[in-house]
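For reference, TrEMBL lists these features for the protein:
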type     : residues : note
DOMAIN   : 8-105    : domain 'ASCH'
ACT_SITE : LYS23    : active site, proton acceptor
ACT_SITE : THR26    : active site, nucleophile
ACT_SITE : GLU76    : active site, proton donor
Amino acid sequence: MKAAPTKITFFEFLTPFVVSGKKTITIRDESECHYVPGTHVEVFTLETDIKVCDIEILSVEPLQYSEINEFHAEQEYLPLPKLKEIISSVYPGTEQLYLISYKLV
Ligand SMILES: CC(=O)Nc1ccn([C@@H]2O[C@H](CO)[C@@H](O)[C@H]2O)c(=O)n1
């Protein structure tokens, strides 16, 4: 069995929202769905690989791209059109995504 991942990266412009507790979910593809609830994960900026905080994974659940709604946008601390734009540019053509929720530790 593979060990649970202990690192996650976010676009640098989003990390202040993670650190301040305003952003409490992230939506990723299958390659990043192996985080384990209850484990602690280190958060780094994607562009500069700087550690910003630690989070505890609360849940990981499948989510279709077409199901993404205002409720998710609120928890992402992003306007819904912006959220969908970012996701479709990072994961073009991917319908099957995963909703990862977390809290600061
Ligand atoms: C390597 C890699 O894929 N990095 C990613 C992927 C996604 N995201 C953000 O997560 C939320 C849902 O996708 C949105 O807020 C995205 O901007 C991110 O910060 N960094």
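For all residues, glycine too, the Cβ spot is worked out from N, Cα and C.
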In the domain 'ASCH' (8-105), how many residues does DSSP assign to helix, to strand and to coil?
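Helix/strand/coil tally for the domain 'ASCH' (8-105): 32 helix, 36 strand, 30 coil.
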Over the domain 'ASCH' (8-105), what does the predicted model average in pLDDT?
98
In sequence order, which residues at least six apart in the same chain have a CB under 8 Å from the CB of the residue listed as 'active site, proton donor'?
LYS23, ILE25, THR26, ILE27, LEU83
So for LYS23 (active site, proton acceptor), how many other CB atoms are inside 10 Å of its CB?
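Step by step: centre on the Cβ of LYS23 (active site, proton acceptor), count other Cβ atoms within 10 Å, giving 18.
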Around the Cβ of THR26 (active site, nucleophile), how many other Cβ atoms lie within 10 Å? Please give the count over every shown protein chain.
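That number is 21.
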